[in-house]
Amino acid sequence: MARLRVYELAKQLDMDTKELLHELEELGIEVKSHMSFIDEETVNILLDIYKQTLDEEEDISLAKTREPSKEKTEAKKPPVHITEADLKLDKFAEKIKIPQNRIIQDFFMKGEILKPGQTISISLAKKIAKMYDVRLTFEEDETAVKEQPKLENPLDELKRQFEEIYQNNKDKLVNRPPVVTVMGHVDHGKTTLLDYIRKTRVAEKEEGGITQSVGAYQVIVNGKKITFIDTPGHEVFTEMRARGAQATDIVVLVVAADDGVMPQTIEAYNHAKSANVPIIVAINKIDKANANVDMTKQELVTKLNLIPEDWGGDTIVVPISARNGINVDTLLEMILLVAEMQDIRCIPDSPVRAVTIETRLDKGYGPVANAIVKDGVLKVGDYVVAGKVFGKVKALIDDKGKRLKEAEPSTPVMIVGFEELPDPHSIIYVVDSKEKALEIVEKVREIEARELRKKRQVKLEEILKRMQETEKRELKLILKADTVGSLQALQNAIAKLRTNEIDIDIVHSAVGAINSSDIMLASASEAIILGFRVKADNQASKLAESEGVQIKTYTIIYKLLEDLKAALEGMLEPEEVEEKTGYGEIKKAFKIHKYGNIAGVQMYDGYVDKSGFVRIYRNGALVFEGKIESLKHYQQDVNKVSAPQECGIKFQNFDDIKEGDELEFYIIKKIPRKLTIIEEEKQQI
């Protein structure tokens, strides 16, 4: 038996690749990933061990993982009382005694982004508490934060229900087929690849059936299904994501071996990276005479920072010919491998939701939605809601033209039965009845009408304001410029605006006019668009207005950098500097009934400010440092008294004053902090 990669050994043992990785770690066998090699001797030993005992070990492993959770639920602790002030992630974490970083990491592993110190809702607090088996009670007085059910979008409630279902039913999760989007530069072979896979892998249609465009199709590889979205490119991908309807699990980035990494390749990569979707690179056209796979790999490294696995990285790169089918089977196997490692799952018997790929008015069927089922089993006769539109499923038709009675997770179908045309890329939910569907739709329409003039704006000022709520802040930018030189100079200049408190994330940068793709990426990523010597085309301008994306264009780079620098400086926490204002001495201590002790003070130098602070020294030792409660000059309340005048002072929470005590007065000044741009950068531009 020769040496094997981890995933190859997992296949032989009929084990999950991730499970085998874990087992190898437990055995002290060092492997980095599923692509790591295991030597021949170790392979033989593992085969001897696991071929006989794998089933028993799995049973024991399951028993071990279930037992602690049972004990955990049985050991109930007293509830933690939560007030309005506790509804910040850092304070809430401290209150429930779970490290904030752990909460952020655990939610990130579930695909949810939390930021340090962010404000959290009561429902999110409950969700976090449930994850760690912490019981909560909430403040119920008039100052407590109360959710406003009348203003809440019912679609948000449906979304939360799915989050809770996933949280509370982890034991019911099962693997589902991955949904794949193919991206890449124009003419690099995206459509050719999709067509080849469809022709060679999709089962023959029913006799008399007509191939139906449902926006996606399924193939079977080694007995497992893969769903491909049939519209190549990143435009639909990002439009769906901007509307919260993420359907893609894996991105295949197609790069031509004779052309290398091109502008749209970079653009597509940035879209996928922004969505945190795993990427497999297919280097296409290797059958051409001028194909250069190594050059293409080098450009993947230098332009995209994607290091192929055979070069020591962790990016799966498969050289293929979509026209001739060379290595396409290997690509499909790699998709299944990544799907296994990503642990793509669903709850098949949960309530139903689906993601709309596209909608249209069909001559025969009326308003239809091409969709992919995400959870549950969609059935003919179900009542469905998609945004502000509802309907009853009259027919489900797959990509082979076959009518289905039901559609399982990851199945692409055309849904017939909507009363009106749903918004493209909306999420479809199944509800109990027509009455419930109508209730939801009416509420959504009412909310949309009310909020029509209050549409969310992704503006620099608003993003920076929201950033104040977090400890580590991030400003996302999309940069467009007229030339490569201008773009590089701009990137270098912005890189100098770095600070430990604010990260600048350049989501995407490219040469050329601002287009619709830029707008949708900005909307999905909550980024602003900065253009240097370029403008937005008409379509992009209209889309930016409807999406609430702010575009700022400049012809002078100094102005762009000054605006960005000023905005970032406004977000920096000011530096607190102590400034001494004066000195005095207590000449007399007066005790006033029901009020406390008042110090009769002679000012020797400078002044005392009522809003400032004081240090009291006795025989050279500090006995008090704090605030001034009241300041009087001849019975009059004043804000300031200067030397050589006398005054009466009451110190906040301190009455142990004595004649002869020396006083040092000071104020705290908040000095705005500055960012520094290296001057030579300006000269280069």
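Backbone N, Cα and C atoms are what each Cβ position is placed from, and that goes for glycine too.
Among the features that Swiss-Prot reports, GTP binding site is placed at 184-191, 230-234, 284-287.
The compositional bias 'Basic and acidic residues' feature in Swiss-Prot is assigned to 64-79.
Marked as domain 'tr-type G' by Swiss-Prot: 175-352.
Among the features that Swiss-Prot reports, region 'Disordered' is placed at 60-79.
Taking DSSP states H, G and I as helix and E and B as strand, the region 'G1' (184-191) has 2 helix, 1 strand, 5 coil. Sequence annotations record features per position, and here Swiss-Prot assigns region 'G1' to 184-191.
Annotated region 'G2' per Swiss-Prot: 209-213, in sequence order, evidence recorded as similarity to another entry.
Annotation source Swiss-Prot lists region 'G3' at 230-233, citing similarity to another entry.
Counting only same-chain residues 6+ beyond the ends of the region 'G4' (284-287), those with a CB under 8 A from a CB of the stretch are 184, 188-189, 192-193, 254-259, 293, 319-324, 326-327. Residues annotated as region 'G4' in Swiss-Prot: 284-287.
Ranked by Cβ neighbours within 10 A across all protein chains shown, the binding-site residues K190, T231, I286 are led by K190. Helix, strand and coil counts under DSSP for the region 'G4' (284-287) come to 0 helix, 1 strand, 3 coil. For the region 'G2' (209-213), the model's average pLDDT works out to 54. Look at T231 (GTP binding site): DSSP puts it in coil. Comparing Cβ neighbour counts within 10 Å across the binding-site residues G184, D187, the minimum falls on D187.
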